[in-house]
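According to TrEMBL, the protein carries these features:
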- 962-989: coiled coil (COILED)
- 221-249: compositional bias 'Acidic residues' (COMPBIAS)
- 256-276: compositional bias 'Low complexity' (COMPBIAS)
- 277-287: compositional bias 'Acidic residues' (COMPBIAS)
- 529-548: compositional bias 'Acidic residues' (COMPBIAS)
- 557-575: compositional bias 'Basic residues' (COMPBIAS)
- 25-132: domain 'RyR/IP3R Homology associated' (DOMAIN)
- 615-857: domain 'Ion transport' (DOMAIN)
- 221-291: region 'Disordered' (REGION)
- 529-575: region 'Disordered' (REGION)
- 451-473: transmembrane segment (TRANSMEM)
- 494-522: transmembrane segment (TRANSMEM)
- 587-605: transmembrane segment (TRANSMEM)
- 612-631: transmembrane segment (TRANSMEM)
- 651-679: transmembrane segment (TRANSMEM)
- 700-722: transmembrane segment (TRANSMEM)
- 828-851: transmembrane segment (TRANSMEM)
Amino acid sequence: HRQQEQQQQYLQQQQQQQQQLLSPKILIMQPILRFLQLLCENHNRDLQNLLRNQNNKVNYNLVSETLMFLDCICGSTTGGLGLLGLYINENNVSLINQTLETLTEYCQGPCHDNQNCIATHESNGLDIITALILNDINPLGKTRMDLVLELKNNASKLLLAIMESRGDGENAERILYNMNPKQLVDVACRAYYQQQYNVTSLSARRQRRGGKLTVAYGIDDDYCDDDDEDDEDEEDDDDQEDCDEDDCHIEDVRLGRGASISSGRSRGTSGAGAIDGDCEDDDDEDSGVSPKEVGHNIYILCHQLAQHNKELAGLLKPNSLYCSEVEGVQATGGQNQQQQQQQQQQLLQQQNQVDPRVNRALVYYASHTAQIEIVRHDRTLEQIVFPIPEICEYLTRDTKIKIYNTAERDDQGSKVSDFFEKTDDMFNEMMWQKKLRARPSLFWVSSFMSLWSNILFNCAVIINLIVAFFYPFDIGDSGSSNNNGGDGQRRRMISALGGHVSAAVWLGLLASICAAAFLVWARDDDNADDVDDVEDDEDDDDDEDDGGGGDRDQQKQQRKTTRRRRQQRRRRRRRTLLTTRTSRRRWTAAVRITLVVTAILRLILSVGPEPTLWLLGAITVVMKSVHIISIMGNQGTFTKRLGQILASAEILYHLMYIMFCILGLCMHPFFYSVLLLDVVYREETLLNVIRSVTRNGRSIILTAVLALILVYLFSIIGYMFFKDDFLVQVDDDVVFDTGGGGDQQSCSAAAAMADNLNCDDSGSSLTRSSLSVDMGGGDRKERACDSLIMCIVTTLNQGLRNGGGIGDILRAPSSEEPLFVARVVYDLLFFFIVIIIVLNLIFGVIIDTFADLRSEKQQKELILKNTCFVCGLNRSAFDNKTVSFEEHIKCEHNMWHYLYFIVLVKVKDPTEFTGPESYVYAMVKDRNLDWFPRLRAMSLLMAAQVDSEGEQVELRGLQTQLETTQTLVALLSQQLSELKEQMTEQRKQRQRIGLLNSTSAYYGIGGGSGVNALRQQNQIGIL
């Protein structure tokens, strides 16, 4: 009976698969769509337009037809978009992916006409593409989640292509019209956690099966992890949340010790395209695209849409940004306490509303996403948001600091040209640092490069102190050996210092050892406390699992409350331990120094200074060898040819250093003194002192040559006229051996008395060349200008070293001598020309060079602080603007983001380029820097547009008021003219009445009849 049921189920499955198989008429569409995609490859604008409009009587808009084909195959014409899972299956998903890729190729470049054709089509094409991203496509998602991820990835790329390089927000608003922003963010965050779920489940399935992989993916509403997995994630990521919360869009990748990144950091492919990745290699064997890459593309889509939707922009803010805003509210002044408390409560409420898992995913996406601004061919600015390639994490911090501080400005005051020239070297360093991780021993040695350098310098200082205090080491009987002599010296030193000093050294050594042991125990105790906290958290999880009944929503709320309480407890503990660990770090450094010093002193007192010097010399040779290996490992020197290695000035310097270490160990300890010059290499201030001499070395050398010529001329004049005045005082107590048989030996009376030594003069004759020595103890004077060469040497030696010139050592002439005036002129000319002018010229060149170096350093620091590295805008340009200067150099024009984008176009497949990426790739290939913005920023342009719009509004208001005033003036003028006419009419009427009155009076006076009087009255009545 079971076999029959299984056969029936098998037959039903076969029937369903046959029903889902596509007909040949539909299958032929896939190569056709692929052909149309290849026609538009590399953003062929002519063919993109030709597919939309053939300029014939009958045009076939293949762009619209392709979109309608997608509409039909997804089943949206038969019902709602929520039924996509019923129409998308394993048989037609490849055809849908090809359709999406073809539509994407239609739009990229950008081709604005094709973008508008897709966005404004009468069908609901944008709704279909959005539904492919937002909806769970089941039952396909339960069996082949890799196909669903590829579908969502292509759909997100298509939406990005529709919005590519558009200055307006029309298409973005059309996309947002029927989209739920919260749901879009949840899809991106769900993909972040699905990556971890897939890696874990994949390894488990590979252990359980040996045949073909049968993937059974699935994501629940809790982001595909239960409580235990979530708590483990919180343990891993809690440090990231607490330490660097203010830097979500990081400009520096988090590096580990020395010059490499932390090994515990997660490394995933975070880009759209063929970007390097090593943590998803196993997963990529079974699926074409990783879930984290899909989520990253969806996050970039959210980032682009957030510019046109405030709700979506608020959802993309991680929890850490709310914390920084709370700190900002606490730091602001000018507000009363109630307003500050209200703002803090509002921000904290927003912080509590954010799911910790959503916040963790958003922090990851934000830290692996960068944005830049480029200048297109038409000189318009465009913003590009892109994923940071994984290989960029391998750029060392030392390199970034060096490039930032040493980039030179060109003639136009821009540092971009010098920065661009170094991009190839930085990219090669990234490649080498990635390979270095495969060599654990070399990687460990290279990670402590600065530590080896500090140890070497400290050893050099200690060695030279021992040499300075205890040399010569073999002070003993002449017949005793070196060892016995050293023992005698050690015994005399101990007896001279006394037993108290030796006991104090022993006490200090034991105290240092005890303190070091205590610090180690305290650190282990802290680690044990952390383990106890983890065990307590696991007990809390067990308690939650034990209380398993009840409503699922209530359990979710309890788990969230427990996790939030656990995080608060961890953060409180970290804050309390922060000051303790800081002070412990200081105590650890002090204990280490004390331990090393007391151990060396004890070693000197126990075995003597010479064996201690040998031991420290051997340690120096070994440590310098390790240091050279670490330098070569960091720079990738092992992969270079011997000629390139020897051409490196830094490698040659370190090889000379180890050579002097070996000479000091094998030949003579005085060679160790040269090692102290390393302080010049380590300190920038001393380097500036050296540069003050070497920078204008040619000017100094030419000035010195001029001084030699002048000295030569003065020597000739002195030899000709003042030969007898060159009398140099000499001391009679210096003797020298002129015998040629035995070993030459010199001694002085003072040295002989001090050392109780006798100068054996047997077999040797004490003599003076050309002069007899007066042994009476007095001083003698020798003639120093009998030959021209002696005159030159004396003038050069005595004339330049004496403050008054050559006249200080010549014989004082008498005023009665005939050459007295000439001698005075000779002395004054030498003093003014050589001493005052020429020597001060040399000193002035050195001092001016040092002042120039100091001013250049201050100017460089001022430029780095107040000028944008990329565009060169000054800090004052961002005063009273919506974007501050710090935000500008961190987000808009981050110099490292430009490097990451150059690396992106180098490691990405050219067939996957977007329009801006193809443009930048061509510019980088041609070594053209016109795509870098110069004295321009989109934020300032937008602010200028807003200001101009405000001015236009003001002008419109003033124009309206002016028109109203003109209307009122015209109305008043009309009223005045009417009033004037009325007054004129009244004046005429008065004149008429006066005329009638005069006429009636005239007729009355003349004896008019009563009939005339009656007629007059009637006229008056009419008037």
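Cβ coordinates come from backbone N, Cα and C, glycine included.
Automatic, uncurated: that is what TrEMBL annotation is.
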Seg_contact(the transmembrane segment (651-679), the transmembrane segment (612-631)) with at least 3 CB pairs under 8 angstroms, min sep 6: yes
Top partner of the transmembrane segment (451-473) among 587-605, 612-631, 828-851 - counted as Cβ pairs under 8 Å: 612-631
Positions on the same chain near the transmembrane segment (612-631), where near means CB under 8 A and six or more residues out: 442, 445-449, 452-453, 455-456, 459-460, 462-463, 466-467, 473, 600, 603-604, 637, 650-651, 654-655, 657-658, 661-662, 664-665, 669, 672, 675
For the transmembrane segment (828-851), sequence-distant contacts whose Cβ falls under 8 Å of one of its Cβ atoms, 6 or more beyond its ends: 688-689, 691-693, 695-696, 699-700, 703-704, 706-707, 710-711, 714, 799-800, 803-807
Structural state census, the domain 'RyR/IP3R Homology associated' (25-132) (DSSP three-state): 72 helix, 0 strand, 36 coil
Average pLDDT across the domain 'Ion transport' (615-857), rounded to a whole number: 79
